[in-house]
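Q: Can you read through this structure? Questions will come right after.
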Ligand code: UGA
Ligand code: MN
């Protein structure tokens, strides 16, 4: 009796071992990827669930949230005038690093130059952003201190937008003027994306104050908190508003003007052509948050730069 039990045990033993090994191997198998390319959701990181092994044979990924196709976001068109100077590439680099993090953004970079420069062309080609590269020189007579800057460049950006959308029904879009030296928070883009006609928000470090802002009562703009020329119809910096593409297209003549435009009045002169103060849509929590700063880069000290090229290599800066 005893030997019969032993015999059975020894016959079964290898099978038991095989089953144990099989089970072990199966659970060590690498988990097949959920999607052809790994999908990293910031909300899933660090959650234990994501690390549970998948049950084979069961309905795949049933309990996992699948990446949903994004509903169509309005395109944000950023018009940036830019001109050649020692800090230009640094400014554009900071800007591209911000814009690259914004979904559905189209960068319209307009050089203040008679031709597209190699530096900017190369830069844009590697920027990893949907972009359009334009150029128009500022006439020499307007290149004087005290006169508005970048008038022709912003108008070139507007003309390109109007031309591009000339024949098709306007896709949802929002335009704003992004000078190359300002600092933009990512939250700003979420705010401006919902612009219906013209939206406004505070701007930091401008007008001789820590900030300027539209004053809001019951959801409407009723005035301006500013330290400089409070008589401006729209006492707002270029960085403080966005306009829907629809408004740009339905006001084909609205442009920045040289003639009769006083310093600091460019914004007002432009906005007067497309909207009224009552119509403005306050953003950034009823204009109580600063999401953009009118930073200005210090002029670089090149006092020790040699007159003639001395280095053994030529480096783009
Ligand atoms: C302020 C406003 O914030 C600007 O929007 C406005 O255009 C400007 O005043 C003005 O005086 O017209 P500020 O910091 O004084 O800005 O001006 P910059 O940053 O020097 O220039 C504004 C934009 O125009 C920048 O993107 C700059 O690259 C570009 N720019 C400037 C040119 O394209 N060409 C120039 O000769 C100078
Ligand atoms: Mn500036």
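A Cβ is built for glycine as well, from the same backbone N, Cα and C atoms used for every other residue.
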Q: According to TrEMBL, 81, 82, 83, 149, 154, 179, 180, 181, 294, 295, 296 bind UDP-alpha-D-glucuronate; so which of 112, 231 is the extra one listed there?
A: 112
Q: Could you tell me which of the ranges 51-74, 123-146, 195-218 is annotated in TrEMBL as region 'Disordered'?
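A: In TrEMBL, residues 51-74 carry the label region 'Disordered'.
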Q: Is residue 179 (UDP-alpha-D-glucuronate binding site) helix, strand or coil when read with DSSP?
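A: Its secondary structure by DSSP: coil.
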Q: Sort the recorded positions 212, 267, 286, 304 by C-alpha distance from residue 83 (UDP-alpha-D-glucuronate binding site) and give me just the closest.
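A: Answer for the nearest of the recorded positions: 267.
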Q: Sorted by position, what residues of the same chain at least six away from residue 179 (UDP-alpha-D-glucuronate binding site) have a C-beta under 8 A from it?
A: 80, 81, 150, 238, 239
Q: Would you pick out, from the recorded positions 181, 267, the residue whose Cβ has the largest number of other Cβ atoms within 10 Å?
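A: Counting every other Cβ within 10 Å of each candidate, the maximum falls on 267.
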